[in-house]
Amino acid sequence: GDDESVVDQGTSSDENAASGDTVTIGFSGPAADHGWLGAINSGAQAAADSFADVDLKVAEGTNDASAQIAAVETFINDGVDAIVLLPTDGAALTEVAIKAMEAGIPVINVDREFSSPFAARATILGDNYGMGVSAGHYICEQVGDNPDAVVAEIAGIDSLPLTQDRSQGFADALADCDLEVSARVAADFTVAGGEAAASQLLSANPQIDALWNHDDDQGVGVLAAIESAGRDEFIMMGGAGSKNAMDIIKADDSVLKATVIYPSTQAADGVALARLIAQGKTMSDLITPSVPNRIVLDAPVVTKDNVDQFYDLAFES
Amino acid sequence: MSEQTTPGGAVAAPTPPPTPTEPTPAKESGIRRLLSGSVGRNLGLVVALLLIVAVGAITSPDNFATWSNTLVILRQASIVGVISIGMTFVIISGGIDLSVGSVMGLASVVATIDVAQDLASATHWTVMVLFALLVGVAAGLINGIVIAYGNVVAFMATLAMLVSARGLAEIVAERRTLIVGDRGFVGFFREDFLGVDVLIWIFILVAAAGWILLNRTTFGRRTVAIGGNREASRLAGINVKRHTVWLYVLAGLCAGIAGVMILGRTTAGTSTHGQLLELDAIAAVVVGGTLLIGGRGTIVGTVLGVLIFQTLTNVFVQNNLDSSVQAVAKGVIIVVAVLLQQRFAKPAGRSS
Amino acid sequence: MSEQTTPGGAVAAPTPPPTPTEPTPAKESGIRRLLSGSVGRNLGLVVALLLIVAVGAITSPDNFATWSNTLVILRQASIVGVISIGMTFVIISGGIDLSVGSVMGLASVVATIDVAQDLASATHWTVMVLFALLVGVAAGLINGIVIAYGNVVAFMATLAMLVSARGLAEIVAERRTLIVGDRGFVGFFREDFLGVDVLIWIFILVAAAGWILLNRTTFGRRTVAIGGNREASRLAGINVKRHTVWLYVLAGLCAGIAGVMILGRTTAGTSTHGQLLELDAIAAVVVGGTLLIGGRGTIVGTVLGVLIFQTLTNVFVQNNLDSSVQAVAKGVIIVVAVLLQQRFAKPAGRSS
Amino acid sequence: MTKAFAGVRALKGVDLDIRPGEVHCILGQNGAGKSTLIKTLAGVHRPDEGEIVWQGETVTIADPQAAIDLGIATMYQELDVVDGLTIAENVFLGHELASGGFTRRSEAAKLTKELLKRLGHGSLSPNTEVGRLSAANKQIVSMARALSHDIKLIVMDEPSAVLDSEEVKNLFSVVRELTRAGIAVVYITHRLEEIREIGDRITVLKDGRSTAVGLEVADTPTAELIRLMTGREVANVFPPAEPVADDAPVVLDVEGLALEGVFSGVTFSVRAGEIVGLAGLVGSGRSEILETVYGARKSTAGSVAVGGKRLGRGSVSAAVTAGVGLSPEERKSQGLVLDEPIFVNVTLSTFGRFAKGGFLDTRAERSAAREQIEALELRPPDPDRPAVTLSGGNQQKILLARWLVHGTKVLLLDEPTRGVDVGARAEIYALIRRLAAAGNAIVIVSSEIEEVLGLADTVLVVADGKVLTTVPAAQIDEHGVLDLVMKGAAA
Ligand SMILES: Nc1ncnc2c1ncn2[C@@H]1O[C@H](COP(=O)(O)OP(=O)(O)OP(=O)(O)O)[C@@H](O)[C@H]1O
Ligand SMILES: Nc1ncnc2c1ncn2[C@@H]1O[C@H](COP(=O)(O)OP(=O)(O)OP(=O)(O)O)[C@@H](O)[C@H]1O
Ligand SMILES: [Mg+2]
Ligand SMILES: [Mg+2]
């Protein structure tokens, strides 16, 4: 109506907090074989538990696109009210997401984007490219004045598009200050993999100025390798933002000086959004009376100066 | 031929022996033979499958025993199923193929590179299928030649192919996920026939072809003979090396078909397709009663093995089981399934 | 023993046969025998390793051939090395253990749960070691019993353990990475002795113990016997089932030791430790000349196999090679290494 | 020392008593249950009924170790040695000389050496890997192992099957030595003449029953034994040779064939209808000659021609296509796909011929197999029976049937009667003769010189990888062959 104030559109935060019709939400993600993904899973579960009116169904985590499709198909069959999907590969899950949407089930796409805009009602993403850019900028700030600085990079699983995005952002940002990555290895997001990759990298490069490690979980291993090699001539930056990494940054007694956040709360956000959408509610602080289609989360840099501010966002690695 | 060698005059005893020398246990033999044959072996599997289905139907009465859920299970089973059919032949012959998962990934990638997609859009989408199948056959050919003529043990040769094919797929795809553009292709796999998806039909066809190939052709006979006794087969004049090459080509071809199927299912080719699929396939084949040392195995058993694993996963999802608990349960169930299968297959002959 | 059956007066032939019945090809036999024995087998591996080292030294002259880089390689080799020693025994006996990687992960997790860490800080950090070893032994015991007494084929039994142990590790760790708090523990593994890390010493000790166990004890001889001819071993009065159990316990124990080592190396326990390590270990053992069908194998070969793979990876990294290209190259090199090893081991006997 | 024993299944009531210091022979057709009986004594099988009385006490022999502990050592019919271990390790397998788990290797080697010397094989090194030994020498190792125990009874299951006559003599002197020391020997064989030489008493098994227990060898004529075993009369003689027609064409022509390190300069030819026998000691390389002619091993020199056409080197398929068939030495490991039915084994070389467009015609295969089963009197006459369930003689017939279905010009027979009982043996001899009469060129290898001489038209004496002479069978006798061999080996 005309007399309604612009700011009063949609549901209010009180209305949102109140219990509505119980909704069943299906959640499917990759195998929780990694701290961040573990945090994603437990985040989703915790979010669901915090709502009395959400019944969360969790499919077996899998890195096999086909198996994940089967999980989504099962959700469709079971007639869930919404699906939160963190695809093992965005493009590969697009078909089945479209199928769900066509069956009238809203799909909330988390972290790895589908290849079609019709596949999701809402998309919530971490910013992988932005993560690389943040990391690159930070390293430019720290060592940019040295044109010969040796910058090393320990990536995650190289065959994942998200790794490519991070590395691209990192390279682009470094190019701004005329630096480039002179040594790069890929690990596998695991502690042991990080340790192995790092010890090889350190051995091959006797002098490093800055090192970006994509992931704090494998960072545990990377740090172990650095300590055991007794190296401290460089600064290191992490990624994702684990509690362990933040503790170390706070203590400021190792090479790890910063990390870039890649929120592990995305799936929890997804569950919250799915509930709103399924119950016909909206995001109370936004004026527009419907849940946005696309939310890209921030990738802030955490240093010892601002670590307290981000500490609660950290995940238990 | 030797028709002139009739049992004529020269034979020793004028009076043939009154009883056969072999003590034939007359009675039970009928049922026993049935039980100990492939039927009995598979009976154990059917029981295992029915148990799982029963658990599913009881714990999730509304959603499990529906036609659409059955289709979900079958669709999921179809890809690993096709791979398992090829694997069955290789394992019956006494070999193993660890590379099928990677080869499937490579096939999916090669079929969706720009060249292939451009060609496909200029002509027909079956060009993409052709690319995938060629990749499978080529990989199988290399495996087969290295194993048969290079005398490299199959485990190592195909492990090497696993690693290489995965790397090659990453290089070819430039680590991107390649999206299938051709709507004809995507449309074809979205269709169904008599209410059953194209994917499932492909599995049915491959399984049927595999059954005929194994049980009704000289190819199958050679496969079983080589697996049963390689040296005897060689001395009987079978070209064991050449046949071995064909076996790995067959496994590669199946991986290629699976590559097409995963493309149809996901509409995207990536080097991550098929990771660890080889273990699923081997597990299905072995649970299906095929001996890892070769010489014995059935297609029906393999199909049942595949269905058991997929149904199990489905029951888990239906019951919203934590994935870690699922893993523990799965391990226990594998052992129980093998024990069950043995129990039913046991009556026959000598155990080792 | 048979002291009364001395080769006394009654000795058989009054005229012993003039020459041995074996036509010993007098001349070459010396070198041949050497080459075809374990030495020759390993010669091929040494050549392969030297080739890789040469490539490393040429392509990366400054960093590769240094003591510290050697330590990097050895440190890296030590964990998979310890696992491979246990695997060697299992494979020589004709079995296989796919679960070692998972069990190692589980051991690392159990050793770092709160209970263990609290106990350790209350007493001594070796309590954590004890926890890890116990987990390994327990898993091995289950494997062994299921295989030996349940007659479940080793591939399936240990595949089931692989899946279950991984799931259990996730449950125990609650999917977190458990950081080792005890500085004594971490400090111990940071130390070196004579300039060589504790980790590497552990590998050396385990390898040496493995060599003695395999070559100088009844346990080792019986392992070879069971792998070479299971039935004959049984007829010779060996308790094959019990011995089989001990073999898997040994493999589990090695996985437990490796679990401690990865804790020392990464200072954190997680369920992801040891993923796919079983394949690396099997590859090293097989490249090292141990027959997958059992009955033959050497510890030295296994150690060389492990070193070959680790040196290879190191050379790749030294050259900053793209990981996909690494994978392709690795596959090719595996095949070449096996072929090379065969070439040197070939002279003996009939080929199949 | 008495044992009485009655079981079911393969054994349906068997009595056997053994006295110290005697050689007790067990006779019976293939599949009569001899091996099963001795495996019961060895603790491999457990009797379902009946009892074993050992030195006056009823005992249960639960496992092989229990038998060994009682003082019963067994040499099994299937070679029971481990290829990957050395001779010494094989001898002491299961009862290693060890202190605290560590093997005492030099002591084991020394004792092994003594045992080998005692067995007339002092030249074998205890540290040789057993996989490198010939079948005969493996048998020696098996024997040494039996003697390494503190035994009162030693059971030998067809020890002479893989031995040549020299080795058999050797074996007998060891047996005599043992009996002198009061040790009982149970001796199983299909070679009846051996019983005459060393046997004291005989037990005959037929279809799992003992038809005669403890007959004195001296009082029992051979014909009687054969009747007890087979239930019929067998004229255990070689069928009369028909002279080869002078104008018979040469079918197989072997020219200067060599396999490096094993044999060289082997030249002979076989005419249609002719049987050529290779005589020689075990390990002289006869099997290798056959396998190389067949293409199963790749010759390093020389040529093989069939009907004037040269065969490709190292190609079995070329040989089979040209009409050459091999019945290999080791039935089980080289000849049969044991788990498959009889008919599959019979048509293993020919199933492609019955197939239409790659599709098998199992009905045609079965009927072809059945034809041969009837012609060869294979028992049981059921083409669907797995080959593994047949007795040795019948398994041997499957191999012959395979080539009969195929229709060969050249048949290479390696030890065609090894482990085959008297009755079946006579049938196989007759069959070989008939095949020759039908125009096949046949090459036969046998460790029994008598067999070679009895069957062959022409004999090649082989020693140390060389053909010493080629003579018509009529012009040489067993003694002559052995003389030649000894001289050849000494040379
Ligand atoms: N493991 C087994 N499973 C099934 N049948 C068996 C087994 N072992 C032996 N038999 C059967 O038991 C019967 C007796 O076999 P056994 O080996 O004792 O005969 P044998 O007298 O030693 O013959 P041969 O002279 O050929 O050695 C045969 O019919 C055989 O097929
Ligand atoms: N696998 C092998 N490795 C090494 N040497 C071998 C092997 N097989 C056979 N030989 C050798 O080849 C020679 C010929 O052996 P073989 O036993 O085949 O002769 P044979 O005359 O056929 O005797 P038999 O009566 O045992 O069949 C022997 O010196 C033997 O030791
Ligand atoms: Mg027998
Ligand atoms: Mg021979």
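The backbone N, Cα and C atoms fix where each Cβ goes, and this holds for glycine too.
A quick note: this is a predicted structure, and the numbers were derived from the prediction, not measured.
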Transmembrane segment per TrEMBL - which of C:98-116, C:326-344: C:98-116
Cβ pairs under 8 Å between the transmembrane segment (C:155-173) and the transmembrane segment (C:43-60), at least three: no
Considering the transmembrane segment (C:72-92), which listed stretch of C:43-60, C:98-116, C:194-214, C:245-264, C:276-309 counts the most C-beta pairs under 8 Å: C:276-309
For the transmembrane segment (C:245-264): best-contacting stretch of C:43-60, C:98-116, C:128-149, C:276-309, by Cβ pairs under 8 Å: C:128-149
Surrounding residues of the transmembrane segment (C:98-116) on its own chain - C-beta under 8 Å, 6+ positions past either end: 83, 86-87, 127-129, 131-133, 135-136, 139-140, 143, 155, 158-159, 161-166, 168-169, 172-173, 178-180, 251-252, 254-256, 258-260, 262-263, 268-278, 281
